[in-house]
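Participant: Marked as domain 'ABC transmembrane type-1' by TrEMBL: A:205-395. Sequence annotations record features per position, and here TrEMBL assigns transmembrane segment to A:12-32, A:38-58, A:65-85, A:97-120, A:140-161, A:204-224, A:245-267, A:273-296, A:317-342, A:376-395.
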Amino acid sequence: MNLLRKGGVTAWIIGALWAVTMSICVAIVISFSTGRPLAPTLLSAAALGGLAGLALVARKGEGLALGRWLPVGGAFLVAIAAHIWDGPAMRGTAETGALWMAVAWAGFAATVAGPLLVMLKELQPGPNSRHDFEAAVIRFLTGFGYVFFTAIVAIPFYVMVMTSLKSQQALLANPLDFSIDLSRGTDLFRSYVELFRDFNFGRYMAISAFVSVATVAITILFSVPGAYAVSRLRFSGQAVMSRSILLIYMVPMIVLALPIYIGFSMLGLRNSVFGLLLIYPVTTIPVALYMLQGYFRGIPAEIEEAGLMDGLSRLKVIWKITLPLSLPALASVSLYVFMIAWNEFLLAFMLLDDPSKFTLTRGVAMLNSSEIPRQHLMAGAVIATVPIMVLFLGLERFMTRGLTAGSVKG
Amino acid sequence: MTSTTPPVGAGPLQRREARLAWGLLSPTLISVALVVILPLLAIFWISVKPVELADLRAPAPVVRDALRGSGDDLRLEYRLRNSSQEQEVRNVVLTATLPDGVLPAGDLPDACTLEADRLTCRFDLFEPGHRDRLALPVTLDGTSADAAKDALRAAPATATGESDNVLTDTTFTLDNFRKVFDGGEFWSVLWVTLFYTVFGTIGALLFGMFAALLLNKSFRGQGVLRGLYLFPYVAPVIAVAFTWVTLFDPFSGSINALLLQMGATEASINFFGEKPLALIMVTVFEIWRYFPLSFLFILARMQSIDTDMYEAADMDGASPFQQFWYLSLPQLLGILSVLFLLRFIWTFNKFDDIFLLTGGNAGTRTLTVNVYEQAFALSNIGAGAAVAVVIFACLILFAVLFFRFLSREEGL
């Protein structure tokens with residue numbers, strides 16, 4: 001442990017790990033954006049990074065301790081060996097081209113040196129305090145975390161969008177090439193045009209929008225009075241009610257979907273948007289009720305009592321006092337319910353067979369067939385994702401509050 | 001002198017309030033009863049019935065009518081058949097309306113009667129797969145054959161009948177449960193479910209906590225990153241699941257191409273098609289998709305922790321890891337355990353993700369996927385319902401735990 005806390009050793013290890021991360025990142029970024037082959041050479045990247053780390057710490061020191069120079073020498077040896085067998089940090093082929101190799105190396109140097117400067121700024125050569133050592137480790141972990149999470153979230157969405165803009169041949173020829181051929185002009189959006197023209201996606205979008213908005217409206221209509229009753233009115237069973245609401249949330253959809261499928265088959269409600277609208281709101285009412293009752297509890301009862309004293313009825317109080325005060329909560333709940341309804345897949349998949357009545361998610365599921373090219377499927381995924389993302393980014397404040405209020409407060 | 005005692009029982013105001021409360025709750029209660037409670041009861045009923053997918057279409061007589069022949073040989077023909085090859089249909093009644101200008105020109109078939117232009121034919125029994133043909137000689141009076149055909153098409157004959165419905169009769173069987181528990185399959189399904197649930201839950205919590213620690217400080221772009229990290233949860237499952245399938249495709253997937261090019265693997269890997277790997281991949285997907293939820297809750301909790309405590313700890317010389325371990329973690333324990341319970345149950349209930357990624361193949365069939373598999377792929381609705389009952393039993397167990405926990409956890 002004490003050896004680990006020596007400035008040189010810490011810097012060497014952090015530098016090596018960071019450089020490995022960065023060489024992989026740069027290689028992926030260059031590969032995914034240009035389609036040119038580029039592979040990280042981890043050993044040499046580690047050696048280079050370790051060296052950079054050492055240099056950054058050693059410049060602060062004056063005395064030359066043997067403990068500092070041993071790893072330096074080792075790093076040099078490994079680095080030199082790696083340089084001979086492999087490319088430094090990254091290895092390309094003739095296809096990669098000198099220009100992109102230079103870009104890659106420049107990117108690698110910048111992304112290693114810059115963050116390392118910050119990570120190692122408090123480290124001294126020789127023994128460090130536990131506080132400084134851990135601070136450096138945490139700064140490394142933070143940097144790694146940002147890169148890691150951003151990568152795992154961004155890559156799938158990047159691939160989704162880019163695949164939808166490619167042609168079938170280009171995809172098969174080089175699955176890594178996500179560069180956009182701008183010379184194709186509007187032809188880039190061919191998959192989208194075909195989806196809207198030949199696959200009826202405009203209609204599916206309209207149906208999805210209608211179903212989602214109707215679900216929100218019905219949910220609010222049902223859950224506001226319920227939430228008010230549970231949070232404000234005294235009656236026996238109030239405590240049981242406010243708790244058992246969440247229990248409904250625990251019933252798996254597939255367990256309900258089977259009998260609903262059977263019932264709808266017999267009643268002839270399958271293949272109808274009306275049938276969906278009978279089910280969707282009920283899956284969201286309990287959540288909405290739970291979220292709203294939490295919010296209603298936070299509104300001072302005195303305001304409502306003043307309304308009652310002035311001669312308003314309970315329903316008028318809800319309409320004129322409670323609802324205007326809880327507009328932000330209503331926005332959160334609506335957004336959350338809209339998201340659930342828009343994204344719902346299982347029921348739409350089981351209950352709808354008629355292509356003229358598909359919702360958007362059901363329409364995308366239809367595209368998952370070997371006869372339909374991949375870029376159409378991805379274009380469908382983009383069409384399903386974009387509206388909800390736009391809504392979400394525009395109203396993120398409400399969304400996050402809605403999500404957190406949905407289950408736990410404080 | 002009257003003694004003043006406090007009123008006993010509920011006063012009129014209180015009763016009115018309770019009535020109003022139940023009134024306000026009733027739309028919710030009724031809809032939940034119809035869509036949740038009723039199907040749950042139905043599941044128990046179906047699970048002890050020998051129901052196949054084909055039984056959902058009740059056997060019924062089918063009739064097609066046509067005007068055939070010409071001149072003297074002109075006749076109205078009704079072809080009847082039993083739609084089912086397995087079950088009989090009783091008390092079949094054919095009802096047809098003769099078009100205007102079409103007059104009967106001979107004897108009616110034995111089973112039929114004619115009142116004005118309404119033709120009614122009755123049959124006691126149609127055997128399974130039974131077919132029948134009725135011919136009624138007619139003449140035309142003041143109308144053409146084409147016009148009569150159009151009129152027939154506008155008002156076709158109808159047929160009704162009675163048949164047994166296996167869903168509503170009184171035959172019961174335990175075969176469904178026997179089938180579900182038969183052989184080693186059930187235990188492998190249970191094992192897959194547990195693996196998926198436990199590791200999916202823990203993984204999502206750990207990654208959520210890591211992400212929350214990253215964003216628990218204010219810097220420029222914090223809002224953007226927070227929005228970005230919520231993407232997997234907000235996007236439709238169908239979009240992200242198909243993206244993963246595309247990304248990890250063994251032939252044209254980018255990840256395989258990347259691994260090959262980096263020399264990490266010799267041959268392309270079938271991520272969603274090989275036995276142990278597929279299960280790991282769907283669990284990873286689960287973690288990826290749901291870490292944002294835990295992240296959001298944990299972050300909300302972290303931001304409500306008083307910062308004074310950390311300043312004091314800093315003064316006392318506590319290192320960052322010590323601060324996390326001794327100060328933050330105990331504060332987060334409440335939310336972590338609530339999240340664990342909720343996520344555990346929800347992951348246990350999860351169906352769409354695995355269904356879209358692997359369809360339950362390559363050793364990824366969980367209990368919920370098994371419901372679909374039994375009911376629709378194997379067309380045995382009864383067995384599917386039996387699996388659903390098993391799921392429900394597990395859930396009741398969880399619910400008991402949950403309630404016991406809730407009573408202790410005041411935060412919720």
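Just so it is clear, glycine is given a Cβ too, placed from its N, Cα and C backbone atoms.
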Participant: I'm a bit unsure how to read this: which one of A:12-32, A:97-120, A:204-224, A:273-296 has the highest number of Cβ pairs shorter than 8 Å with the transmembrane segment (A:140-161)?
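Facilitator: Per the Cβ under 8 Å count, A:12-32.
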Participant: Mind checking which residues reach the transmembrane segment (A:97-120)? Cβ under 8 Å, same chain, six or more beyond either end.
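Facilitator: Hits for the transmembrane segment (A:97-120): 10-11, 14-15, 18-19, 22-23, 25-27, 29-30, 34, 36, 38, 45, 48-49, 52-53, 56-57, 88-90, 136, 139-140, 143.
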Participant: Could you pull out which residues elsewhere in the chain have a CB under 8 Å from any CB of the transmembrane segment (A:317-342), counting only those six or more residues past its ends?
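Facilitator: 208, 211-213, 215-216, 219-220, 223-225, 228, 280, 283-284, 287-288, 291-292, 295-296, 299, 303-304, 307-308, 360-361, 384, 387-388, 391-392, 395, 398-399, 401-403, 405-406.
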Participant: What residues in the same chain, six or more past the boundaries of the transmembrane segment (A:376-395), come closer than 8 Å to it by Cβ-Cβ distance?
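Facilitator: Beyond its ends, the transmembrane segment (A:376-395) has Cβ neighbours at 157, 159-161, 163-164, 191-192, 194-195, 199, 201, 205, 209, 331, 335, 338-339, 342-343, 360-361, 363-364, 367-368.
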Participant: Looking only at residues six or more beyond either end of the transmembrane segment (A:12-32), which have a C-beta under 8 A from one in the stretch?
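Facilitator: Apart from its flanks, the transmembrane segment (A:12-32) reaches 4, 38-42, 45-54, 56, 71, 75, 89-90, 100, 103-104, 107-108, 111-112, 115-116, 119-120, 136-137, 140, 143-144, 147, 151, 155, 158-159, 176, 178.
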Participant: Which sequence positions outside the transmembrane segment (A:204-224), separated from its termini by at least 6 residues, show Cβ-Cβ distances below 8 Å to it?
Facilitator: 273, 276-277, 280-281, 284-285, 288-289, 292, 318, 323, 330, 333-334, 337-338, 340-342, 357-363, 383, 387
Participant: Could you pull out which residues elsewhere in the chain have a CB under 8 Å from any CB of the transmembrane segment (A:245-267), counting only those six or more residues past its ends?
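Facilitator: Result: 230, 275, 279, 283, 286-287, 289-290, 346-347, 350-351.
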